[in-house]
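Have a look at the structure below before the remarks.
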């Protein structure tokens, strides 16, 4: 692939950007980033496609292609101001942009270094692409198996290549709107290249040395691989490459059944693959309350997904296009065959190329960057945020940390990063959403715990939806009845959990929930019903009574 930048006249809005991107896609261009504000487009072309075809495509789309140049690894060095930066950020995801925007608002001079595609994991290869495809999977799943008598629905063949193309367009649009366009909007420097520390206050990028008063490392994480014999010789998939497939595999084996493995496994099950989820643990979602694990497992089995738990992985091998996973389960040896193998066993921090030792930045046993409550590393001038620290790996946590760190590094404040109340959502069907303490965690912290467990078939919204596999669980302090944790398996659980987060964050009690009106026939009503369950038999209550 060769990367090019072309100046374009005639673009006046985001719609124009889409027209240009569509024209370039038709000739085979990849990783297209266009900006009407800058009047340019950056894209990659395979070696066998002449760059003149890009100029022709732009002209035929009724825009005027101007100067075009091949982008080298040194493309931004000329733009670098030799003066010191107030804040130099390594990475360009949610933490990086949150930090940069706030730093600009403080009046700081900001530079951002990115070695790959701007936008980080979430918009490019994580949340956005997976969730839009999950929605497509839900639609085809319902069309094949809807719960209503009298609705004769069916699903045609899935054109995965078209779905992937549509997904890629959405990713490009959001990357431009939420990231690329903001660089000009806030007027900070984007420096393309790989950063490496040379001392405690200097990095080297493309041969140029840059210094700053403060640094933020926000380089994220990438898929990690388990130690399984033969894996290095396999044509395996990761969460990134799976979402680039153009053909649905007949059989897909997933090693790892955390949130990534479950989401992507269920996605391809809905699209038509035979799915086997495999894990070492005896219990699905072992860090969650047992009622949550049981509900999710029941739902997956009902949908026809194969679960292999308590597996000891002996080896993997490939014969032609067939992948085989050899495991021992309950003393018996099994061989799982499939056409594709997805490895989804966690993520590792992107720290290897940073030369952190030169800057005096300490890392943990998994090479994650260690930080204190204020986001500082062992070098007080260098901060870190987001997945690179192996904290809660959510885009909203990264953005929050980036903002707090800028308040401290640039604003001179002493704000602590508070991750005591972090909602988490797994976008399976049904959705899993949790916030606060599990029952076991609450007991470990010394609470005398009282819980309520409400099966989903007691929630009117689930009943009318005819989808009643799931549960609401509330964990409370038995003495004060303050809500300590909320755990949900249901449709739209992710939309309900924000209300639960407020309850946990602000110390609301069970009584606060029961005395607050809840709209009938919403899934959020399940919160109130679960609260009522602490001292009432909700099966003996009329609708909305309490």
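Placed from the backbone N, Cα and C atoms, the Cβ positions cover glycine too.
Keep in mind that what you see is a predicted model, and the values were worked out from it rather than measured.
According to Swiss-Prot:
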{"type": "BINDING", "residues": "13, 16", "note": "metal cation binding site"}
{"type": "BINDING", "residues": "96, 116, 121, 131, 195, 387, 395", "note": "FAD binding site"}
{"type": "BINDING", "residues": "256, 257, 258, 259, 260, 261, 262, 263, 346", "note": "NAD(+) binding site"}
{"type": "BINDING", "residues": "543, 544", "note": "Hg(2+) binding site"}
{"type": "DISULFID", "residues": "122-127", "note": "disulfide bond"}
{"type": "DOMAIN", "residues": "2-66", "note": "domain 'HMA'"}
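Locations of recorded Swiss-Prot features on the structure.
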| residue | record | Cβ neighbours (10 Å) |
| --- | --- | --- |
| 13 | metal cation binding site | 10 |
| 16 | metal cation binding site | 17 |
| 116 | FAD binding site | 14 |
| 127 | disulfide bond | 17 |
| 131 | FAD binding site | 15 |
| 195 | FAD binding site | 23 |
| 258 | NAD(+) binding site | 18 |
| 346 | NAD(+) binding site | 17 |
| 387 | FAD binding site | 30 |
| 395 | FAD binding site | 20 |
What are the sequence-distant neighbours of residue 122 (disulfide bond), meaning same chain, six or more residues apart, C-beta distance under 8 angstroms?
93, 94, 128, 395
Spatial neighbours, same chain, of residue 544 (Hg(2+) binding site) - Cβ under 8 Å, 6+ residues apart:
520
If you draw a 10 Å sphere on the Cβ of residue 543 (Hg(2+) binding site), how many other Cβ atoms land inside?
8
Counting by DSSP, what is the helix, strand and coil composition of the domain 'HMA' (2-66)?
22 helix, 23 strand, 20 coil
Listed recorded positions among 16, 127, 260, 543 whose Cα sits within 10 Å of residue 121 (FAD binding site):
127
Sorry to bug you, but what's the C-alpha spacing from residue 543 (Hg(2+) binding site) to residue 195 (FAD binding site), rounded to the closest Å?
61
Hey, what's the widest CA-to-CA gap across 256, 257, 258, 259, 260, 261, 262, 263, 346, the NAD(+) contacts in the record, in Å?
13
Can you name every residue in this chain, apart from 256, 257, 258, 259, 260, 261, 262, 263, 346, with its Cβ inside 8 Å of the center of the Cβ atoms of the recorded NAD(+) site?
254, 264, 265, 344
Which of 96, 260, the listed binding-site residues, has fewest other Cβ atoms within 10 Å:
260
Validating a neighbour-count step here. Other CB atoms within 10 A of the CB of residue 121 (FAD binding site): how many?
23
Over the domain 'HMA' (2-66), what is the model's average pLDDT?
89
Relative to the Cβ position of residue 262 (NAD(+) binding site), how many further Cβ atoms are located within 10 Å?
25
Secondary-structure category, per DSSP, in which residue 544 (Hg(2+) binding site) falls:
coil
Other CB atoms, at most 10 A from the CB of residue 256 (NAD(+) binding site):
23
With residue 262 (NAD(+) binding site) as the reference Cα, tell me which of the binding-site residues 13, 16, 96, 131, 387 is the closest one.
131
Could you tell me the C-alpha distance between residue 96 (FAD binding site) and residue 258 (NAD(+) binding site) in angstrom, no decimals?
26
